[in-house]
Amino acid sequence: MNNDVVEKKKYTREEIAQRIIDNGDLLVIHSNKIYRLNAWIKHHPGGDMVILHMVGKDATDEINAYHSDHILRTKLPLFYFGDVDTENCDDFKSLIPPVQCDYNIKDINNNRLLTPETLLNYNNENMIQDSVEHKHIIEAYRQLYSKLRFLGLFDCNYFEYGRECIRYFILAFLAIYFFVTATKAWHYNISAVFLGAFWHQLTFTAHDAGHLAITHSYRIDSYIGIFIANVLGGISIGWWKYHHNIHHLVTNSPEHDPDIQHLPFFAVTPRFFQSVYSTYHKRILSYTWAASCIIRFQHFSYYIIMCFARFNLQIQSYIYLYKRTNGPYRYVEIFALLIYWYWFLYVLWVIPTYTESFIYLMLSYAVTMPLHVQITLSHFGMSTEDLGPSESFPAKMLRTTMDIACPTWLDFFHGGLQYQAVHHLFPRMPRHNFRKASYYVKQFADEVGLTYHVYGFASGNMKVLNVLKDVAMQIKLMRDVAVTSNIYTDH
């Protein structure tokens, strides 16, 4: 055995980069301690990609935000590898994670084409070069985190879930009542509307279960999520968690965030014109002629496509379960989905005509459209720049996410998730407390000089539509330039 590995406990930034490249070590920094996660990555409940996006980084705030104190005390120390050598500097300057260095490397664990210098040097001039720039933001964020915990905003209010369950039962009852007593086609249509509204509302609790924000027990919340998402909604909660965890850590990155990778239907930044490589889908997102034709009208088609977004969620779910053979609770999830399709296909079969069945299917799915608009609203209109690994976690979350202001009585419609910026800063906070926390987030942002983006629902929609329109207009401009160039070439 190499004695250097056993005896050496402190590593410089250069040595950490060397070990990542030469040894394939998955080294993550937390509070100036180094953890080697090679043995854990295949078992990580949040998925492997979230670890790969943190390799070489000071991920202290990310790890704290997504893990309980119990995990930090008992699980994390098992993978302790050494300490950061802070003799020449107080703060560790994050490396660029290998997975983010070359978007065309298909095997994200194969670093042979990379060098330590690739991880060490920030060649993009837009990147924040000195982590000290955000030191005051990090300190203030950690103080805010402690303050909100002291105020009890991380404690789950089960009374709120009781109120929501009453709403769920009412919507489910109305959907069943109009279906069972139906004598005319429009009775089935009313049933479909209530079923869609039922799915719309259930999503909020499924979201909480995915974040372990209900009981904080991985097993219990996973089964709650499977029942709500899989059995009642036909969507894999395992896929959602895998997908959603990545989105939270690399928010609005065209190459890495699956929540904004929607070619050929949408492009929220011209960077998609370059056919970027998706580290999530592990393929090039081809910007084709067909994509350019569709995206030219994306500001007109936005709401129409959102009516069919539920189909996409289900398709992505089933692809995930097919490919991820080692996913947690995979067979339980598949069985739960079979239950969903049994009862839902039975519902469609009972309806007298194929036409009415088709209308029921499309209407029930389309009613969830406001939910998909709300999900995309928080990010589609926000920054997609890559400011590098030295950008602090709170600064990135506030830069790439907007909150939607609405009256308190309308919180039920948005499920509290209109406060996406708050949620991204504190993902384990129960959503019923987001409104209270938003007041302190505003104070924090003002104190450290960040912008806390808050829009009304209408103005938020306009911001997104304007971004979609701007990107669409760039396609038109490029086509006009190409036509003009061809004219001059011909002459």
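Sequential numbering from 1, following the chain as shown.
Keep in mind that glycine also has a Cβ here, set from the backbone N, Cα and C atoms.
Automated prediction, rather than curation, is the source of TrEMBL annotations.
Residues annotated as domain 'Cytochrome b5 heme-binding' in TrEMBL: 8-85. The transmembrane segment annotation in TrEMBL covers 168-186, 222-240, 331-351.
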Same-chain residue ranges lying at least 6 outside the transmembrane segment (331-351) that approach it to Cβ under 8 Å: 179, 188, 226-227, 230-234, 236-238, 317-318, 321, 357, 360-361
The domain 'Cytochrome b5 heme-binding' (8-85): DSSP-derived helix, strand, coil residue counts: 33 helix, 16 strand, 29 coil
Mean of pLDDT values spanning the domain 'Cytochrome b5 heme-binding' (8-85): 93
